Amino acid sequence: MTSALSFTLQQLTDAPSASGIVRRGTLQFSKKAKTIQTPACLTYTVRGSVPHLVAENVKLLPVQLLQVTLEQFVEEKEPMSFKYPHGIHKYLNLELDHLVFCDMRDPMKQEAVTFNTDKYLSVSTHGGVRQITPEMWAQAMKAYNPDMCALMADIVTDNDAKLKRIKRSVDRSLRWLDDILPKAKEIGIPVFAPVVGHTSEEERARSAVSTAERDVDGFTVNVIGLGLGNEATLKLAKASLRNLPKNKPRIVYGFGTPEGILDAVASGADLFDGSYAYKVTEQGRAMIFKFGEISADNTARDKPKTVNLWDPSMSHSFEVLDSTCGCYACNASHTKAYIHHLLNAHEMLGPILLMSHNVYQLDNFMASIRKSIDDNRFESDLTRFMEYYNHVEEGDGMRNHQDEIDVESLGTPLKKKRTLLL
Amino acid sequence: MKSALTFETYARCSTTKGRASILTLPHGPVNTPVFMPVGTQGTLKGMTPQQVKDMNCQIMLNNTYHLGLKPGQEILDEAGGSHAFQKWNGNLLTDSGGFQMVSLLKLAEITEEGVQFASPHDGSLMMLTPEHSMSLQNSIGADIMMQLDDVISSLTTGPRVEEAMWRSVRWLDRCIASHKRQDDQNLFAIIQGGLDPELRKKCVDEMVKRNTPGYAVGGLSGGEEKDQFWRIVSLCTDLLPKNKPIYCMGVGYAEDLVVCTALGVDMFDCVFPTRTARFGNALTMKGTVALKSGKHSSNFGPIEEGCDCSTCKNYTRSYIQLLVTTKDTVGCHLVSIHNVAFQLRLMREMQEAIKRDEFPAWIKQFFAGYFGDQSKYPVWAVNALQSVGVDLTA
């Protein structure tokens, strides 16, 4: 581990439990004297900004560690952000104490692009397909100077990939790792190595074991868009996670829902992408679920986790989204009726208020999980959560988070008629 | 009629007709000359009320026609008015819905009774009468309300112009009769009469008799020749009572604001700054900056040096360019914030120049900076300023 980043596990419950191995840790950034408590969500950004929110809005939110996606900056032949002399934090106008994690591809949706080769990783930009080479990677990280970064990963995006392709992706990612790691050490930024393996448990194990042999600071595990059910996806994630060293942090992509996050926490994940907050916002919904606050004698069941602000019944509702919430929208007492009106009138303030609320709530959710682990009640809180809330259908009939996964989307705002009309 | 405002002019330009005043309304004081950004549907596009307040915006617009459709009068009543609905504690001004008669003309049918609109959303019919407009505006609760006027396109000629002028007078009377909140909402009359000075004079004569708290010059800013536009504005400011605020509706571009201020106008509104922001165009004292252009991607300076808005203090043209070309809403917001701040800064500079009685000099340096070459100065502006003693060519 570099001196800039250290990870401490505060609690290791090795005792066999129904759900697995739950981890509670702290990520220390010595250069900035900042600490991130885990499990936590990285704040999701598109082209470096929290969707819909400008710095003044973000300042009011508990944002600490943001995920910046390199592929969203490399449309130009010579990306201008590489030439900016003051680093990515200043370029994106982040607060002094915000931390940045830079990875290659959008963690919300991995759009299939053309093939990768040993020499480059193909990525998708607003102007078409581009290539990220190890040289470009180094150039970017040197210019950006993020607080932590991920290495290039050969992620298979073809759901029908054969084993041969999967094996190649493991080998190629390792070759890239070995090629880039010295450059990364030179630049001095903590690196997270990708653990790949697609739909093969064996290859995932192999990738994890081999990657763990290298001197890296953490790992990313990717289970996005595999097209399998929750159980099968979790099984694959576990195949990666259980073969990784306990003392290093693990970021997992692809568990975008509250249930998914809880499953992954119970399987040994430390960090997640925060794209769920964005997905919920784009549906015009607000998160209202809580973790760890449901008492044992509460017999209510099938409660909805989100509120649909598009619902006509909202037009007469003059309460805030959540009276216990500290986001800008709730603090300023913006009503459901007003937010409903904004969505209905295609006004941009609607998504701004919802995004503020959902980022806050997602952070709150993670904080509750941490508290629950600290207080040794994670197992029981998890059971209560699964009993209390409906996990298949939302109050207005949305099933299985179905419209939360838009196959056409690429991390750019979903172009649905009802969302934004400028 | 009753007035729920005070208007105190504390400085007059000794050359032009420009004046700096304080307009005190139920939701607080407003420094004039003032530019009022337009928050049509109960929101200033992409900005939270806190952000708008932080920019020292004292008054903004809401639109009666649009709010009448969405969310509708019932919800507004339930919410306790538009201030409470959108959580804006500053001043509001509502247009009557009259302008939509011109802008949505294909959908409107005008009679003595009122204007019948077909909703652009679902085709349903809505009858906007002076009484209904007042009722809606009373529900919205804006500090300043506009009469329902018979608005015609400024390019219209013939008897329709005079018909519209007289009807506006009659509708003003109907508005006054049905205005139920004279204690805390100020009704402004709107001078019509097209581009005909005689009609305008008659209209001013009649409407001044009704003694409303303020007056607007309407029916302009619709594509007419600018050289005719300024003459009508100047005529109206000459004729209207000097102790009341004068509002020129639908104005406008920076040079329009400067010239009309010199002609004696106190209040302005226009969708232009916020609308052009959404197309990636930023307004500066040196002209418009089209941020979508690739040439800005390498510019690590702010949109405008010396601008103290949050966008310019914190963001580079390079990053904004990336956002606006990809249509990120954040890009829209950043430029909107700058453009509104620009408009407010422009007005503040004029207020201060008038206060120091250095307005003519300020006007000259503004034009020099904004247009560069004297040959680029709009002729109409040169003429208009000449009429009030400012020679841009000197």
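Glycine is no exception: its Cβ is also placed from the backbone N, Cα and C atoms.
Those TrEMBL annotations? Automatic predictions, nothing curated.
Counting only same-chain residues at least 6 apart in sequence, those with a Cβ under 8 Å from the Cβ of A:C325 (Zn(2+) binding site) are A:N331, A:H357, A:Y360, A:Q361, A:N364. DSSP classifies A:C325 (Zn(2+) binding site) as coil under the three-state reduction. Feature annotation from TrEMBL assigns Zn(2+) binding site to A:C325, A:C327, A:C330, A:H357.
Under the heading domain 'tRNA-guanine(15) transglycosylase-like', TrEMBL lists A:22-389.
In the predicted structure, the domain 'tRNA-guanine(15) transglycosylase-like' (A:22-389) carries a mean pLDDT of 94.
Annotated Zn(2+) site A:C325, A:C327, A:C330, A:H357; additional same-chain residues within 8 Å of its Cβ mean position, judged by their own Cβ, are A:A286, A:V320, A:L321, A:D322, A:G326, A:Y328, A:A329, A:N331, A:S356, A:Y360, A:Q361.
Close to A:C330 (Zn(2+) binding site) in the fold, though at least 6 residues off in sequence, lie A:V320, A:L321, A:D322, A:S323, A:H357, each with a CB less than 8 Å from its CB.
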